């Protein structure tokens, strides 16, 4: 077994990369499964970028079928696949080490990245099926995943290129709904508003930019910008926007909140 980056953190060696030795799983939400995926993803990105020299050496073509595992605690490991059949959770691509010396290093890393992306999706939706996610939960999970750059995009540099292309067209408040919306709620604090309806379209450039800004606004919980006619609320601490229904805040309740903190910011303060 080849270790890497503090490997066994999420589930123990090649035994499924995060399974837990056959112990039953507690029910999880889409957000919890997403956090699991995000940790595994961070570990695999680390293996293919900052720890790439160590990863390259561990993938010796002379050894048996090796796999790259990512763990929920943002560590990674190169090791043999699980011995149990069927495995506790889906397995990553086998034999990533065999192609190492027959390809350009960048191409090989990109290939491993593609297979890693595929594995993350399979693990996430395995959990979705195991925990009985309904259509709405599966949609939330997919949208949250889709808002992250893929491992392939990070490893090949495509993620940075996309970010640079977006920057010139986005304002400093591109993550918030348009100022038209805020003007509708001037009697409220900046954190409380309803999502915009297409009003009085003036057709000028400024209006188009504001519309683009709102189109780019994503709910911090479900990761979508669906429900443009629904109530939204902004966290005064992290300035992320949320569907009211996702954080269980109604317009009536929002009227009495002087400073709103989202669940993530509230939990951080509690832990501190």
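Glycine is treated like the rest: Cβ placed from N, Cα and C.
Given the ranges 1-24, 25-48, the record in Swiss-Prot names 1-24 as region 'Disordered'. If you draw a 10 Å sphere around the CB of residue 232 (site 'Histone H3K4me3 binding'), it holds 30 other CB atoms from the protein chains shown. In this structure the C-alpha atoms belonging to residue 232 (site 'Histone H3K4me3 binding') and residue 241 (site 'Histone H3K4me3 binding') are separated by 7 Å.
Residue 236 (site 'Histone H3K4me3 binding') carries neither a helix nor a strand DSSP state and counts as coil.
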